[in-house]
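What TrEMBL says about this one:
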TRANSMEM  A:23-50  transmembrane segment
TRANSMEM  A:96-119  transmembrane segment
TRANSMEM  A:131-150  transmembrane segment
TRANSMEM  A:171-191  transmembrane segment
TRANSMEM  A:203-221  transmembrane segment
TRANSMEM  A:261-280  transmembrane segment
TRANSMEM  A:300-317  transmembrane segment
TRANSMEM  A:337-354  transmembrane segment
Amino acid sequence: MFDFSVVTHWVDQLLRSFLPEGWAILTEFILIGLCLLVGYAVIALVLIYVERKVCAFFQCRLGPNRVGPYGLIQSVADMIKMLTKELITINHVDKFLFNLAPYIVIIASVIAFSCLPFAKGLEIIDFNVGAFFVMAVSSMGIVGILLAGWSSNNKYSLIGAMRSGAQMISYELSIGLSILTIIVFTDTMQLSQIVANQADGWFIFKGHIPAFIAFIIYLIAGTAETNRGPFDLPEADSELTAGYHTEYSGMHFGFFYLAEYLNMFIVAGMATTLFLGGWMPLHIGGWNGFNAIMDAIPSIIWFFGKTGGLIFIIMWFKWTFPRLRIDQLLTLEWKYLLPINLVNMFLMVIVVVFDLHF
Amino acid sequence: MVQKNTYFGGLFSGLGSLLTGMKVTLREFFTRKTTECYPENRATLKMYDRFRGTLELIHNGQNEHKCIACGICEMNCPNGTIQIQSEFVTDENGKKRKILKAYRYDLGSCIFCQLCVVSCPQGALRFGTEFENAVFTREKLVKQLNHEGAVLEKKGV
Amino acid sequence: MENLKEYIEKRIPEAVEEGGEILTLKIEPGAFRELAVQLRNDFGFDYLVCMTGMDWGEKLGVIYHFRSTLSGENLVVKTEAFDRENPELFTVYDLWATAGLNEREIFDFFGIRFINHPDMRRLFLRNDWVGYPLRKDYDTGDTVNPVRLESDETLDVTPVLEAQEDGIVEEKEHVVFKDSEYVVNIGPQHPATHGVLRFRVSLEGEIVKKVDVNCGYIHRGIEKMCESMTYPQTLALTDRLDYLSAHQNRHALCMCIEKALGLEVPERAVYIRTIMDELTRVASHLLFWSTFCMDLGALTAFFYGFRDREKILNLLEETCGGRLIMNYNVIGGVMADIHPNFVKGVKDFIRYLPPMMKEYDEVFTGNIIARQRMKGIGVLTREQAISFGVTGPSGRASGWACDVRKVHPYGVYEKVAFTEIVREDGDVFGRYKVRLDEIRESLRILEQLIDAIPEGAYAVKTKPILKLPEGSYFSSVEASRGEFGVFIESRGEKNPYRMKFRSPGLPLVSVVDTLASGNKIADLIAIGGSLDYVVPDIDR
């Protein structure tokens, strides 16, 4: 299987060959930062297009089909529109916080995005508390959302932000516990190590029942964490028009919009890494021919394929279910997900201690 | 049957209902889509023949219409959509006759109540199925329905 | 009716009888309030069908249409205010809650002020409107009420007339919202109000404390316009009231005019009208289902409903020439005979819909989230429903069998077998379920009628200008969202002296405050969606 570290090492060697070490590292930072942002933007555009098409197909519609063949460059056109739109300055808002909020949201999501192991040897930040770091960073976005709602000086925005606060803090717990369940199982928080440990079988198969329950809970809590339907209360369009980003225009709105899609990608990517073996191909013990074919598929395709599958499921949720009410949302978390999660973690401890896994 | 009021009963029946819903949407995902690509299907798109698009003064092949400028449609119109301009001419027999000069119709204020068509004693009007009526200014919605140079259809010809 | 007549003569000698189809009483304003209390409590007239403000030329007054939900008897009471300059009447708001908004409407149009009514603001027009437009001496020129470009200030206090113990009437002020309250505008531009309707909602966190309905954003003065139109012309406007029950509205007006003229409608036309009414009802309920799902956040369900509603609209367009504004009923019959494909199309549709209804149940009705959001929310009791005059599916969900098709059958409803869906729960789920079940009943009616359309003429010929004999006429039909009534007072001219539409929508918005208070914002949206009001019908 192709190892991307070959490429990165080659670039590293090349830069070091004609630059002093400090400059070489700086250049690499800039290059990586650029690649990251481009990757971020491209994935967001693709996701927006895919969401529109998927949503349309669920709804017996054709979806975008005007701009480009099958509407392929619709989201590019939308991006250009968004970039050229005016940022309307609004009276009676807290200008500093109002302008700061979208950046907090987008930065939190870019950092979390940069932690994902996309393919073999293609990891940007990989240190020993990786899983913990992703959680910490991705929950920073909530600050941005709360600030956006508060500084907008709009009643809808405020209600949206408050809902979002209650929701994210609650569901963070479930996400944390389900990740913890896997960490108990795999014995490491380093994302590359977690992937490597799944070489002989994905955790969802290896950890069977507790891992599967943790996976389901992670998926539900992750959807809630990204403020997507059916958990889109903070922006519930039929109640609060657009919730916390009601007052935003132009690219500031665009940041919220991008971050929402990328957060979905991050949630799906993390689920892939933790439960579905990251970029590891599917191996079945004993089927050597099958395993060889699976190995031939590049690791990056494995990662994006699995993530794409999960994203489809998250979209499928959104376009099937009605929105929850705030009390239902909290009931689901505190009365169902949290206790089940705790029991599940205990179950996982038993599985690990008595070596009941495969 | 799972007990719905117990903790786990409620959980599983709830999950079951969610999965049923997802099954339906997935089925619809693969069925034929119901929307149409409108400007592309213009050639095949046919409106129902009773569709009320715009008012038309019926003209025959010889550029003749049946309007005798009696003004009943103008009177019946609840919105003042129709304006008839007529003039008196003397025909070959020396009789003075009222003929239609201009039949003005304001599509912008028409409410398509069909009273003009129903009340016309000559059957000179009808609603056409033309529906692409968008224009840039309101003035363009005011139309003259009698064609240039059109004359009254002769009876018994 | 004879009993009632004698009884009233004995008990309330002040009331003067007038001739007419329905027993009509005329009473002095001083004795009116006492009569009203007796009618409500002793005679069982618990349902105030319609309140019509009137300008009789010399005097202003109100016509009340009462109905007893027990015996089904109708009664009309007329009363006039003493003073044209400063007309005042006693409110009946505490007896029939539906009078709350109706009296405000009458104040708005005629300037009659109701003593002891807690909220005497204008209902539809701006607060700075000059004059009372439905008075006959109102100046319709542009100079009195020019198009104003500045925004209308929303008042938090309302003037109130309060009768003291000694009988003296005092002007007071009533506070709607205190300064300390957190008031949020839901509307006039809001995705969940289904049009330009504005709720001012006082919130405490997520909990709704109070809802104040502000209507009139799409008020077109249809009743006033009708006064200057000939009868055939007025028909065109009814389609534009509740545009989702265009056909039924027009049916009501045609019936009222035909009744006044004594016109016999051909059997074929009656059948066609009934079929069209039911098709419209199915289309309207499908739209309800779609928009209700959308309000609750299930966007996909919305499209499924619209996909199926489209099939009905195609059928209607093929025969009537219009999809929404069908323009099909005319005085004396229908505009044109049914299209040759119509019967087949309806039969196909009757076969097509039931599997789709199963899909609706699977995707939404059974859904645990939806069920929890609907059950037990916004309970309207039977007494409240009657008092507020909430008819139609919403009233029937509260256990009130108020279907006009059963109470006063018209069309061919007497000849078909169908069940009036009545539920006892009265909550959002009840209102939702009644509509879904009514679709099935409507399909049943269609199935019975579609093959039974008799041969014959589809309309009788009428003159383009009709003069109704002097008198007042009232008829009502079961529109998609409740009882739609038409009241015409004719002075024998070619246009009506007064034409009043009893809209099913106004009572529906008047209960929003009662239902939503104490619930959450999301419930307010669900309650609004389940009541299924249509704004042009409220505002008229």
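Backbone N, Cα and C define each Cβ position, glycine as well.
Owing to the predicted nature of the structure, the values given are computational and were not obtained by experimental measurement.
Between the transmembrane segment (A:300-317) and the stretches A:96-119, A:131-150, A:203-221, A:261-280, A:337-354, the greatest number of Cβ pairs separated by less than 8 Å involves A:261-280. Against the transmembrane segment (A:131-150), stretch A:96-119 has more CB pairs under 8 A than any other of A:96-119, A:171-191, A:203-221, A:261-280, A:337-354.
Put simply, of A:96-119, A:171-191, A:337-354, the stretch with the most CB pairs closer than 8 A to the transmembrane segment (A:261-280) is A:96-119. Counting same-chain residues at least six beyond the ends of the transmembrane segment (A:337-354), those with a Cβ under 8 angstroms from any Cβ of the stretch are 171, 173-174, 177-178, 180-181, 184-185, 207-211, 213-214, 217, 220-221.
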